Amino acid sequence: MSPRNSALERFRQHQKIPEKRWQRLAFPDVGLLLCWLALIVIGMVMVTSSSLSEAHVERLSTHHFAIRQGIFYVGSSIFAYIAFMLGTNFYREKAKFILGLAFLGLLLVYAPGIGVVVNGSRRWLNLGVINLQVGEFAKLAVFIFTAAYLQHHTQRLDHSWQPIIGLLAVTACFALMFYLQPDFGTMVVIVATVLGMLFLSGVSIWRLLLLGVLIAPAMVWVLISESYRLRRLTTFINPWEYQYDEGYQLVNSLISFGRGGLFGVGLGESVQKHQYLPEAHTDFIFSIIAEETGLVGALIVMAILMILVWRAFAIGYLADRMRKRFSSLLAYGIGLWLGLQSLINIGVTTGALPTKGLTLPLISYGGSSILMTSIALAILARIDAESRFIARLEGKI
């Protein structure tokens with residue numbers, strides 16, 4: 001066995017290689033890192049601008065939310081570094097444990113003194129310094145487990161329904177937990193991403209269509225089972241008819257887009273953020289981006305998010321070429337997750353989709369979302385670094 005093949009085999013078996021860890025990994029994808037940095041800069045600027053009025057109303061310091069957002073970015077960077085250094089084998093081997101931890105967290109939101117209720121939803125755990133939104137952790141946990149599960153059952157996916165049903169049963173358990181919180185947006189993202197990962201793992205399109213036919217009635221029932229969801233559905237079709245009731249938020253979001261025009265009214269000059277548009281610094285921050293930077297600024301943000309998703313799929317493709325199936329599926333899953341969540345958030349703010357409480361990745365204010373998105377991107381960077389290392393040893397790059 002040649003020295004090159006020997007090193008490659010030891011790497012795949014997660015054995016020690018004489019070089020230091022940082023020396024045996026390739027530098028992560030530059031496009032991924034640049035998009036990551038760009039979204040952080042945009043998020044910092046836009047949260048600073050969009051939160052000024054909210055801070056004043058809540059009698060907080062002018063830059064209260066901006067300072068906290070900066071702390072979230074710094075703290076998340078530390079956890080992202082740790083996530084990067086752990087390596088992909090850690091996530092594959094601990095997938096069940098991570099999934100169990102996420103499910104436990106979803107149960108603890110009902111525990112008195114620990115669970116936090118906000119606007120009637122039980123989504124947060126009180127950890128003292130921060131309220132952790134467990135759903136953000138659960139999304140990543142489900143996708144890590146799905147990648148490990150599909151890798152383990154690779155040979156059976158083409159001819160057996162059993163592994164598919166097993167995965168859907170786990171997904172259904174988490175979907176039920178999100179239904180009870182309630183958090184319909186996260187439920188949609190998880191179910192759609194798992195189905196996407198099944199497709200990318202090689203499950204035939206006919207099986208997926210059959211699953212879609214079976215799942216669709218359940219999703220429709222969830223959508224219409226609660227009166228407030230049904231009102232959201234009817235409101236987004238014609239928000240102006242309900243502009244002083246259920247359509248108030250969407251109408252003011254659309255006004256933001258109208259005021260922004262092509263080039264925007266200028267940074268810090270938004271009118272809608274002054275208590276006209278609820279959640280201006282969180283779920284509806286894209287509306288303020290459109291108002292202050294115009295269509296041009298909104299398209300730039302969308303382009304950065306699209307490039308980020310593209311790089312995730314490119315990383316997954318390279319990992320697949322290097323026969324790293326778990327890494328490949330996880331990269332695809334992260335790409336699907338970030339793409340779907342961005343699409344839904346932008347769709348909601350533009351009136352293309354009913355209102356849902358999903359953040360714009362890395363831009364919206366919120367520690368839990370920033371933390372888990374940063375960890376997910378760090379895992380992507382690790383997947384890319386490992387795949388490039390193997391490709392370099394095999395002489396493929």
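Just so you know, the numbers here start at 1 and follow the chain as drawn.
For all residues, glycine too, the Cβ spot is worked out from N, Cα and C.
Across the topological domain 'Cytoplasmic' (1-26), the prediction's mean pLDDT works out to 51. Residues annotated as topological domain 'Cytoplasmic' in Swiss-Prot, with sequence analysis given as evidence: 1-26 (among others).
Annotated transmembrane segment per Swiss-Prot: 27-47 (among others), in sequence order.
Here the topological domain 'Periplasmic' (48-69) has Cβ contacts under 8 Å with residues 267-268, 270, 273-275, 280-281, 285, 288, 292, 365, 367, 370 of the same chain, all six or more residues outside its ends. Sequence annotations record features per position, and here Swiss-Prot assigns topological domain 'Periplasmic' to 48-69 (among others).
The transmembrane segment annotation in Swiss-Prot covers 70-90 (among others). Beyond its flanks by at least six residues, the transmembrane segment (70-90) meets 14, 21, 40, 43-44, 324, 326-327, 330, 366-367, 370-371, 373-375, 377-379, 381-383, 385-386 of its own chain at Cβ-Cβ distances under 8 Å.
What Swiss-Prot lists as topological domain 'Cytoplasmic' is 91-96 (among others). If one looks beyond the topological domain 'Cytoplasmic' (91-96) by at least 6 residues along the same chain, the residues whose Cβ comes under 8 Å of a Cβ in the stretch are 144-145, 147-149, 151, 326, 330, 379.
Only residues 6 or more beyond the boundaries of the transmembrane segment (97-117), in the same chain, are considered here, and those with a CB under 8 A from a CB of the stretch are 91, 123-126, 131-132, 134-135, 137-138, 141-142, 144-145, 170, 173-174, 177-178, 181. Swiss-Prot lists 97-117 (among others) with the feature transmembrane segment, giving sequence analysis as the kind of evidence.
Using DSSP to sort the residues of the topological domain 'Periplasmic' (118-126) gives these counts of helix, strand and coil: 0 helix, 7 strand, 2 coil. According to Swiss-Prot, the topological domain 'Periplasmic' annotation covers 118-126 (among others).
Using a Cβ-Cβ cut-off under 8 Å and counting only residues 6 or more beyond its ends in the same chain, the transmembrane segment (127-147) has close neighbours at 91-92, 95-96, 98-99, 101-103, 105-106, 108-109, 116, 167, 170-171, 174, 177-178, 181, 183, 186, 189-190, 193-194, 197, 326-327, 329-330, 333-334, 337, 366-369, 371-373, 375-376. The transmembrane segment feature in Swiss-Prot is assigned to 127-147 (among others).
If you look up Swiss-Prot, you'll see 148-159 (among others) marked as topological domain 'Cytoplasmic'. Secondary structure of the topological domain 'Cytoplasmic' (148-159) per DSSP, as helix, strand and coil residue counts: 8 helix, 0 strand, 4 coil.
If one looks beyond the transmembrane segment (160-180) by at least 6 residues along the same chain, the residues whose Cβ comes under 8 Å of a Cβ in the stretch are 99, 102-103, 106-107, 122, 135, 138, 142, 145-146, 149-150, 153, 186-187, 190-191, 194, 198, 203, 207, 211, 222. What Swiss-Prot lists as transmembrane segment is 160-180 (among others), and the listing cites sequence analysis.
What Swiss-Prot records for 181-185 (among others) is topological domain 'Periplasmic', and it gives sequence analysis as the kind of evidence. Within its own chain, the topological domain 'Periplasmic' (181-185) has Cβ neighbours under 8 Å at 106, 109, 121-123, 135, 222-223, 226, 229, 344, 356-358, counting only residues six or more beyond its boundaries.
What Swiss-Prot records for 186-206 (among others) is transmembrane segment.
The transmembrane segment feature in Swiss-Prot is assigned to 208-228 (among others); the stated evidence is sequence analysis.
According to Swiss-Prot, the topological domain 'Periplasmic' annotation covers 229-294 (among others), on the basis of sequence analysis.
Taken from Swiss-Prot, the feature transmembrane segment applies to 295-315 (among others), supported by sequence analysis. Beyond the transmembrane segment (295-315), the same-chain residues lying 6 or more positions past its ends with a Cβ under 8 Å from any Cβ of the stretch are 29, 31-32, 35-36, 38-39, 42, 257, 260-264, 286, 289, 331-332, 334-335, 338-339, 342, 346, 361, 363, 380, 383-384, 387.
As annotated by Swiss-Prot, topological domain 'Cytoplasmic' applies to 316-328 (among others).
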Intrachain residues whose Cβ lies under 8 Å of the transmembrane segment (208-228), provided they are six or more past its termini: 164, 168, 179, 182, 184, 187-188, 191, 195, 198-199
Positions on the same chain near the transmembrane segment (360-380), where near means CB under 8 A and six or more residues out: 29, 32, 36, 39-40, 42-43, 46-47, 51, 65, 68-69, 72-73, 75-77, 79-81, 83-84, 88, 91, 124, 130-133, 136-137, 139-140, 281-283, 285-286, 289, 301, 305, 311-312, 315, 330-331, 334, 337-338, 341-342, 345-346
Summary of DSSP states over the topological domain 'Periplasmic' (350-359), given as helix, strand and coil counts: 0 helix, 0 strand, 10 coil
Beyond the flanks of the transmembrane segment (27-47) by at least 6 residues, Cβ under 8 Å: 65-66, 69-70, 73, 267, 281, 285, 288-289, 292, 301, 304-305, 307-308, 311-312, 314-315, 361-365, 370, 374, 377, 380-382, 384-385, 388
For the topological domain 'Cytoplasmic' (148-159), distant same-chain residues with Cβ under 8 A (at least six beyond the ends): 91-92, 95-96, 166-167, 170, 197-198, 201-204, 325-326, 329
